[in-house]
Amino acid sequence: MTLLALGSNGSGQLGVGHNEDLCTPGKCQLVQHITFSGIKQVVAGGNHTLVLLHSGQVEVFGSNEHHECAAYQTGDSSVTSEPPFNSTRDDLGPRTIAQVAANWTASTYLDHAGAIATCGEGLSGELGQGRDVSTSATPGFIKGFAPGHERVVQIASSMAHTVAVLGNGEIWGWGKGRKGQLGAPAQDAWTPRKIEVGFPVVKAVCGKDFTFVAGDAIEGRVALIGADGRDRFKLKSSVPDNLPGWKEIAASWGSVFILFDDGRLVGYGRDDHGQLPPFGLPPVAQVAAGSEHCIALTRDGRVLAWGWGEHGNCGERTDDNRDVKGKWNKIEVAGRPIDVFAGCATSFIVTAT
């Protein structure tokens, strides 16, 4: 199993051993041998990347300027690959990680016991540890969360806010909230607060100024929270309140993407760089949304990318504006692709060989 990456790499966030942008996939230099463990999740902040293995270990690439990779304490402002974040670390004790999420300059870890720890910098409450904690050089727990002994089943982040879905269907959030992305009141939250939705949530994704939530896939209830303002890209006015049969949901900074069981991919919102699915897109098996682009694994095994591709994250062929608009690029990879992930102008592909 191999992890490949392309796109923005000025801080080494692709983990390929240098800091040059790539428009063709390069091999990530992971410390751990992933053949037996496998890659569960890849998330990215502004200039750093977290790679979660199924073993519960986490590896990081990129900038550590704001302590977003603080678990590794290299003393440097940038890292390309460091020892895994796992049960041998003193800062979190004997714990393994179940999920990860990333803000622009912060990282969030959900362990298998249901506890959440954060590190990095969050000037709008992104760390969730209280108003007196805007930076954390080591991962610190959000104390007392979740309420009522409920278990956290999912976390998600975008540029400056994070949400957590609980086992009872509640959703809580913290960080920047001035566009209503944390519900009412439209203000920042320095500790987790409940977001009122009106139905049990099973999945949540975050855009720059909004949170998109979905309930049971059979019923199909969904809701867009936030994006308050003039709705320039018609996101809030175009998203329906019912999308039965959804398989997966994803969000870029200004768009929402719905993958259905039959392989259809539908998008809503910002499309000025060609972010929404192009016409004629073949049936999709998996999709990931970056800041302003998408990467998809089709049912017939191709890797396709489209949207804003200035840093090479959509492949080599772009228009004069560095976009892949109204079409897609096929990303050639060695080996059989089995998963895709995306970050801030970065794309990641997992191959079986």
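Every residue, even glycine, has its Cβ placed from backbone N, Cα and C.
Heads up, TrEMBL stuff is auto-annotated, nobody curated it.
The domain 'RCC1-like' annotation in TrEMBL covers 3-348.
Marked as repeat 'RCC1' by TrEMBL: 1-55 (among others). The average pLDDT the prediction assigns to the repeat 'RCC1' (1-55) is 92.
Marked as repeat 'RCC1' by TrEMBL: 114-168 (among others).
For 169-217 (among others), the entry in TrEMBL reads repeat 'RCC1'.
According to TrEMBL, the feature repeat 'RCC1' maps to 263-300 (among others). Per DSSP, the repeat 'RCC1' (263-300) is made up of 0 helix, 17 strand, 21 coil.
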Tertiary contacts of the repeat 'RCC1' (263-300), as residues 6+ beyond its ends and Cβ separation under 8 Å:
7, 44, 205, 207, 233-235, 238-239, 248, 250-257, 306-309, 313-314, 321, 323-328, 331, 337-349
Looking only at the repeat 'RCC1' (169-217), how are its residues distributed among DSSP helix, strand and coil?
0 helix, 21 strand, 28 coil
